[in-house]
Amino acid sequence: MLKIAVAGTGYVGLVAGVCFAEVGHQVICVDIDENKVNLMKSGVSPIYEADLEQLMQKNYAAGRIDYTTDYESAYKDADAIFIGVGTPEQPDGSANLSYIATVARQIAETIEKDCLVVVKSTVPVGTNDKVEQFIHDFLVHDVRVEVASNPEFLAQGSAVRDTLHADRIVIGTESKWAEELLRDIYKPFMLPIVSVNRRSAEMIKYASNDFLALKISYMNDIANLCELVGADIQDVAKGMSFDDRIGSKFLNAGIGYGGSCFPKDTKALEYIAREHGYELRTVKAAIDVNHDQKTLLYKKASKRLITFSGLKVAVLGLTFKPGTDDLREAASLENIPLLLDHGAEIYAYDPVGAGHFARRFPEGPNSHGSIQYVSHPEEALADANVCFIFTEWGEVKAIAPEAYKNLMRTPLVYDGRNIYAVEDMRAAGVEYHSVGRESAVRGDLKEHKDELQANRY
Ligand code: UDX
């Protein structure tokens, strides 16, 4: 078994470290945050992620994983050092590589034996060449050091499963030595390995993420057209999905993609292309569609209601998707300020993400409106004038259509995740608007029809 150090204990680093330990490697995770390190040592995961905490505790108890701020002792005799620090988006769309540079320099100054440095963070094509040069420039001891690319494809909420049971492991190396070492590290995973050169590996990550983002934006574009021509996006997606070449995943229309990867990686690749004098038109289109899609429901509701001022607005779901407490690029972050600026009195529910959201939008008056956080969806819905669904949490899906009718002052629902059958909402007497499907409007509702009937006779 090999001695592996991991730099950075965010999603990428921590999950990788824990999974390496789980398959038997000796792992040491490095982070600059001492509180975080102590937390992890005590078996607490700093991120909300299924199975992670349990595997952290199990492997810590077995002595296969430890956490430290002391990078020197962690790096000096490691066989491989995985870099999993962030590459946040800069205002111009490019990736900020300063965290990677810091770690690269620390590695150069501390390693005392031959070592493979493996970049897991998503970096612009060609970065790993520069990281290798940078390490060589600052190298203190006379050792062999090479840089390899090993992008990860984990999704938040299923990160451990995605890592242990990945569709493929992509490794990008420039020498047999590096390739063999990475093959050894991944051998216990028993997964298909795609071995390519470094630049291709870097590109595979962007090309894969951007393709998925494109798929979602394409479905959203088609969904918007479906509404105009009277087609149903879910039926359309179902019909498409039988074609193996299209596949059945990532065809869900809604209020756009969020999270830490798709928005950042689409903009980064578009930036990389621009830097090379090339316009990446398809990815640019995906970004544009996603931008408009996020506030689609707000725009629809603004047309339907004279004002939000003084209205009780129920918001169900704040995170960018279920199964995570992450708010990055969530549609809620675009819509809630708009609602507040227009005087809404918001009652927001999210089973996991409300605490984080409250740090950005504290309870109480805000702009021309106000925001409160509630622990049960029913509290948000009680007496509400309108409801927005931003995240398809199980707890939200479990709300019966009748509950909207019974609890709300006016049962008017804007669903950004198409979680209900239009027919069910119509039958329950709820005015219901979603994405790429017909709406259940007041004229359809049974109660309204009964009213008309009563007036006729
Ligand atoms: C994604 C990729 O799936 C993963 O491979 C990569 O490594 C990182 O980026 P993640 O951002 O965690 O993972 O979440 P994912 O489940 O892919 O969803 C991203 C966004 O797309 C969410 O906002 C989700 O709601 C949205 N989405 C997803 C859709 O709108 N429609 C779909 O059909 C699928």
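Including glycine, each Cβ sits where the backbone N, Cα and C put it.
Site annotation (TrEMBL, ligand substrate) includes Lys205, Phe250, Leu251, Asn252, Ala253, Gly254, Gly258; from Lys130, Lys312, Lys321, the additional listed residue is Lys321. Annotated NAD(+)-binding residues in TrEMBL are Asp31, Lys36, Thr122, Lys264, Arg328, and among Thr87, Thr163, Thr295 the one listed with them is Thr87.
Highest local Cβ density among the binding-site residues Thr87, Asn252 belongs to Thr87, counted as other Cβ atoms within 10 Å over all protein chains shown. Neighbour counts of Cβ atoms within 10 Å were compared across the recorded positions Leu251, Ala253, Cys261; the minimum falls on Leu251.
Comparing local CB density within 10 A for the binding-site residues Lys205, Lys321, Arg328, the maximum falls on Lys205. For ligand 1, none of the binding-site residues lies close by, meaning a CB under 6 A from one of its atoms; the full candidate list was Thr87, Lys205, Ala253, Lys264, Arg328. Distance from the CA of Arg328 (NAD(+) binding site) to the CA of Lys321 (substrate binding site) is 10 Å.
The maximum pairwise C-alpha distance among Asp31, Lys36, Thr87, Thr122, Lys264, Arg328, the residues recorded as binding NAD(+), is 25 Å.
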